[in-house]
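Chemist: Take a look at this one; I'll ask things after.
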Amino acid sequence: MAQGLEVALTDLQSSRNNVRHHTEEITVDHLLVRRGQAFSLTLYFRNRGFQPGLDNIIFVVETGPLPDLALGTRAVFSLARHHSPSPWIAWLETNGATSTEVSLCAPPTAAVGRYLLKIHIDSFQGSVTAYQLGEFILLFNPWCPEDAVYLDSEPQRQEYVMNDYGFIYQGSKNWIRPCPWNYGQFEDKIIDICLKLLDKSLHFQTDPATDCALRGSPVYVSRVVCAMINSNDDNGVLNGNWSENYTDGANPAEWTGSVAILKQWNATGCQPVRYGQCWVFAAVMCTVMRCLGIPTRVITNFDSGHDTDGNLIIDEYYDNTGRILGNKKKDTIWNFHVWNECWMARKDLPPGYGGWQVLDATPQEMSNGVYCCGPASVRAIKEGEVDLNYDTPFVFSMVNADCMSWLVQGGKEQKLHQDTSSVGNFISTKSIQSDERDDITENYKYEEGSLQERQVFLKALQKLKARSFHGSQRGAELQPSRPTSLSQDSPRSLHTPSLQPSDVVQVSLKFKLLDPPNMGQDICFVLLALNMSSQFKDLKVNLSAQSLLHDGSPLSPFWQDTAFITLSPKEAKTYPCKISYSQYSQYLSTDKLIRISALGEEKSSPEKILVNKIITLSYPSITINVLGAAVVNQPLSIQVIFSNPLSEQVEDCVLTVEGSGLFKKQQKVFLGVLKPQHRASIILETVPFKSGQRQIQANMRSNKFKDIKGYRNVYVDFAL
């Protein structure tokens, strides 16, 4: 009489399966698979082989603390039955004398997360034996056409899922600077930290059963992750800080990668890491989403609007010196703002609004009671469909709001100008499998000044007005602010033009830099004044300079001047200006942004002319040289060359170097004091442990500067 079938050993074939499921970069020691794609395992039996007619093998998979068949977090499916009611399936591959290979496949809608795999064997005698085979992790699958995150381009999958480094664009629209970043989504322990992040969310803490069941939806998961990257509602990953006081944490500009941040959060019992700003929030979210299998990229929007009251108008206030003032509405134009786009189907929206979705983890405004933003369909933003979920009105305003300038004098406000094209410029992301920058502005908006752009703006405004009328906001505040006549358009330019209605402009003012604005050197520029009329013009121009934070917040002015300019008919004149290093050095913010402004007035006219320009001071970058061939498991020497760009001594210098697949952990070198203009180099030794294209990221900080950056791409060969 045949005995009951007993399992002696199970081989989950982790190495083989992980390669097929594009997870071998994470590990080959533990099973990590993607939904909607089969994976294999081998069952070794103790007493005899599997007999299909006599034995029935039933698989059980469970995820979460409260697995439930009805919720889909528990599944029971048989090897023998091809028409199982369960969406999970299993089939026989090969059957030997004492071993059997089977394949299992999760449905493409299954919840992602950590699973327990068990089997029950029902033998012909009626005896039932149960075995726990082990654990595995299930991820989203952008290679599976039935998965909601399916991306049909292999180069895009390689860039937006598999690439573990990239660039985040910073600076200003006049000077766009790539900041190298180590996403490191496949580094040791990162997948475990990402799953812990889901379990620490308010949703899981409140209702773990439902939360785990909803983890099959990329829309749901992306909102949970977005809220967990900031710490405003929970013990999220990062504390935001825009105060310029970072004494109890790290200056956001010092970070060069996500791995150190996520590991610090995990090591400290999930205490928020200090500190982050928008690009850090977006970079860490990119790491988590790519790790979970959702195609993700980092986006920078230059001159990004923050409209606090939803009327699509950003109000800016100036005094009579041209100095920008803070305002009680707290509307601002961020010099740049960084968010994410994640690729997913949107079955919750009308057809055509899937694809790239905006998610913004920077805590600005609340969404359904928590600080997160999105997913908002990029196509919905372009078409002005601001009534579609989630947070589309706020994202629309970041790329499309008008800017209204006001002069504050004697307690009164005088409207200076309304600019319809200054918000939302040079929207940028890293190119696919290239270090170049892609301008994707056309994905978000029609060309400024076009008929379509006007129609979309007015459509969005009317939708917001209708929603406000039926809601709690005051509909009267939402009045069309853009001119509907195309003849009144303002051209896009790399500086703010003289702010007067175009039909009365008779004098034009413009700033022009004479030399590149390098840190440590004087800033030399001229004010160009042009009289376009046939009459003499006597101008009084108040000039000022003040530092800005990248979120648009102004600091105190540190330089002022007054120019008296007489212009003959059709005459142009230049007024030379210089701001010395000693004048700006102690007032400069970490963002290295200086806003120069001029407010001009004619003696014979009440009209005011405002012009401003944002200057971004630049540092010399760090140079990285790879000395010799890079080969897996063989020593590699790396030379890092750096310098003090200032004409004064700097102290507390620290060099940070990292790179996924090259360094097991972030390297810190304490350099101490650097003399004025001093140039030096060090040699670092490492042993690469992953092959393929890699990147080294470096940052140097001191008591005078925080973010001198450098990077070097390295191709690592397999060991011979």
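Just so you know, glycine gets a Cβ as well, placed from its N, Cα and C.
Found this in TrEMBL, in case it helps:
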type     : residues                       : note
DOMAIN   : 270-363                        : domain 'Transglutaminase-like'
ACT_SITE : Cys278                         : active site
ACT_SITE : His337                         : active site
ACT_SITE : Asp360                         : active site
BINDING  : Asn400, Asp402, Glu448, Glu453 : Ca(2+) binding site
REGION   : 470-499                        : region 'Disordered'
COMPBIAS : 481-499                        : compositional bias 'Polar residues'
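Thinking about packing and proximity, how do these listed features fit into the structure?
Modeler: Predicted-model confidence for the domain 'Transglutaminase-like' (270-363) is 93, expressed as mean pLDDT.
Cβ neighbour count for Cys278 (active site) (all protein chains, 10 Å cutoff from its Cβ): 27.
The Cβ of His337 (active site) has 28 other Cβ atoms within 10 Å, all protein chains considered.
Neighbour list (Asp360 (active site), Cβ cut-off 8 Å, at least 6 residues apart, same chain): Cys226, Ala282, Trp339, Asn340, Cys372, Cys373, Gly374, Asp391, Val395.
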Chemist: Could you count the residues of the domain 'Transglutaminase-like' (270-363) that DSSP puts in helix, in strand and in coil?
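Modeler: Summed by class, the stretch gives 15 helix, 41 strand, 38 coil.
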Chemist: List every residue in the same chain as Glu453 (Ca(2+) binding site), at least 6 positions away in sequence, whose Cβ is under 8 Å from its Cβ.
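Modeler: Non-local contacts for Glu453 (Ca(2+) binding site): Lys445, Tyr446, Glu447.
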Chemist: Can you tell me which recorded positions out of Cys278, Asn400, Asp402, Glu448 are within 10 A of His337 (active site) by Cα, answering none if there aren't any?
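Modeler: The recorded positions close to His337 (active site) (Cα within 10 Å), listed in sequence order, are Cys278.
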Chemist: Sort out the sequence-distant neighbours of Asn400 (Ca(2+) binding site) for me: same chain, 6+ apart, CB within less than 8 Å of its CB, listed by position.
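Modeler: Gly305, Leu312, Ile381, Val423, Gly424, Lys445, Val456, Phe457, Ala460 - these are the non-local Cβ neighbours of Asn400 (Ca(2+) binding site), listed in sequence order.
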Chemist: Measuring Cα to Cα, how far is Asp402 (Ca(2+) binding site) from Cys278 (active site) in Å?
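Modeler: The Cα atom of Asp402 (Ca(2+) binding site) is 22 Å away from the Cα atom of Cys278 (active site).
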Chemist: Using CB atoms and a 10 A radius, I'd like the single residue among the binding-site residues Asp402, Glu448 with the highest neighbour count.
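Modeler: Of the binding-site residues Asp402, Glu448, the highest Cβ count within 10 Å belongs to Asp402.
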